[in-house]
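Undergrad: Attaching a single structure in structure tokens format; questions to follow.
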């Protein structure tokens, strides 16, 4: 039986939601992840230090006994985020980054940034104090095709931010295109990217060919196979610029299976197991540990986890649903088999 032991991984991009759903999302991600960067797009969003810290307390209250799981908090940037707020957040010791959501780009992004110039003072403060800048890299102009929104964002917006703030550490999150891979690869060492398991394992054919499969619908949307292969090559390349970020984003079953379904795929039930499948598919299991356990903390200037987990190649059946507060979520690979499991 094939087994691999790796340093305990972290998730550098996850949605834990809030309220009754929190106990279920925290249960799943804390099984073997040491830390997770927790997205702030709540209702209302975590736009200030106090809101982010009270959210931290709610998450910690749901961590199962015996788990050392630690949430790493993120400030939600708005047009009005001040340099002083950035300094307060950094001084808290628990908020490690601030997040750009272009207004309307994804779930609960209506409070997001309408003009990048509005956050330049905040970005200057972040560069000064060493706070990371996390980016949902899509334009929101309705005239831009949804499959092109990441590429256009990189060309028109991100390239300018990188030039204007050369000392700012930037994470282009959940990248989905060869364009993003190339940009991050060629940029300075201050630019990195997260890649999801579902963008490594799937492309838009899985979502659209032979019937619409709404649980694959996420933002940024799945792209064509050539982009999927570029992501796999980047993740398995050994480059320190790419690391694990699930973007696990639960929605109730009836919110996904609807005439106008929500964007987001749930992978926290089997995150590292799905990544193991992806890396095995390109004969790169030897590169999984760096991607999952080293590159993220190294980029964030945080210590690597000290303990390990062991993955065993032992297929198991994924339940059709998992509990999500007072409803259910349909996970990726629901009712099917995953080849790996954590011992």
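Counting begins at 1 with the first residue displayed.
Yeah, the Cβs are placed from backbone N, Cα and C, and that goes for glycine too.
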Undergrad: Of the candidates 41, 156, 190, 295, which one does Swiss-Prot list alongside 15, 16, 17, 136, 219, 251, 263 as binding substrate?
TA: 41
Undergrad: According to Swiss-Prot, 13, 15, 247 bind Zn(2+) 1; which one of 94, 99, 160 is annotated to that same site?
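TA: Among the candidates, Swiss-Prot records only 99 at this Zn(2+) 1 site.
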Undergrad: Can you match one of 174, 198 to the Zn(2+) 2 site that Swiss-Prot gives for 99, 136?
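TA: Site partner of 99, 136 for Zn(2+) 2, according to Swiss-Prot: 174.
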Undergrad: So which other residues, same chain and not among 13, 15, 99, 247, have a Cβ within 8 Å of the centroid of the Cβ atoms at the Zn(2+) 1 site?
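TA: Here the non-site neighbours turn out to be 14, 37, 39, 41, 134, 136, 173, 174, 245, 249.
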Undergrad: Which one, from the binding-site residues 16, 219, 263, has the smallest tally of other C-beta atoms lying within 10 Å of its C-beta?
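TA: Relative to the other binding-site residues in 16, 219, 263, 263 has the fewest Cβ atoms within 10 Å.
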Undergrad: Quick one: pull the CA-CA distance for residue 16 (substrate binding site) versus residue 247 (active site), whole Å only.
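TA: Between the alpha carbons of residue 16 (substrate binding site) and residue 247 (active site) there are 10 Å.
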Undergrad: Just give me the nearest neighbour of residue 13 (Zn(2+) 1 binding site) among the recorded positions 41, 136, 174, 247, 263, Cα to Cα.
TA: 247
